[in-house]
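Right, one structure below, let's go through it.
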Amino acid sequence: MSNVHLISHPLVQHKLTLMRRKNASTSTFRTLLAELSNLMAYEVTRDMPLQDIEVETPLETTTGKIIDGKKLVLVSILRAGNGFLDGFLNVVPGARVGHIGLYRDPETLSPVEYYFKMPQEMQERDIVIVDPMLATGNSAIAAVDRLKQLKPRSIKFVCLLTCPEGVAALQKAHPDVDIYTAAIDRQLNEHGYILPGLGDAGDRIFGTK
């Protein structure tokens, strides 16, 4: 699992544990997700390319390094993926944002696309897909399949939780996609939910059932 990055920072693990609690309110869950995604963004963007730039300090001119945030595209898998956006945009405010709508057929667990909106000129951009859960892997695979048609330079997948089944599925379909997660949980249940997990992330973010 060389392309799986488990983010084990104490603050990440602390906030994830608080999110797992079934009695965490919607506002608490949402706030923790924003804080956690902010922390995860540092790890996910660790290898972003830099370019040299001349900077005039109060004392002299020097060469500094900056990132080109406009080369980064955050792609939210609706609707739960939107909970990641604020945290990442706090770190890279120049990033572009795209959305892909996928819902899971309750019978087959297969993804069905209902929305797709991306920035222009996706070629040579670096894409970071955000979705709280990598469960069966079906939605992640469908999203990567669709985005690869746009010929980006790279694609990463970021989630709060995953499980061995989800990791194996995404790695088999797209071995070139790095996976970033705060936890690899035990297994899926018969309904395609991660155990022990934290429930339905979308419902917990938006207060729906």
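Including glycine, each Cβ sits where the backbone N, Cα and C put it.
A 10 Å cutoff on Cβ-Cβ distances gives Asp200 (uracil binding site) a total of 15 other Cβ atoms nearby, all chains included. According to DSSP, Asp200 (uracil binding site) sits in a coil region rather than a helix or strand. As annotated by Swiss-Prot, 5-phospho-alpha-D-ribose 1-diphosphate binding site applies to Arg79, Arg104, Asp131, Pro132, Met133, Leu134, Ala135, Thr136, Gly137, Asn138, Ser139, Asp200.
Counting every protein chain shown, the number of other Cβ atoms lying within 10 Å of the Cβ of Ile194 (uracil binding site) is 27. Taken from Swiss-Prot, the feature uracil binding site applies to Ile194, Gly199, Asp200, Ala201, supported by sequence analysis.
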Rounded Cα-Cα span from Asp200 (uracil binding site) to Asp131 (5-phospho-alpha-D-ribose 1-diphosphate binding site), Å: 12
Where Ser139 (5-phospho-alpha-D-ribose 1-diphosphate binding site) falls in three-state DSSP terms: helix
Ile194 (uracil binding site): nearby binding-site residues from Arg79, Met133, Ala135, Gly137, Ser139, Cα cut-off 10 Å: Met133, Ala135
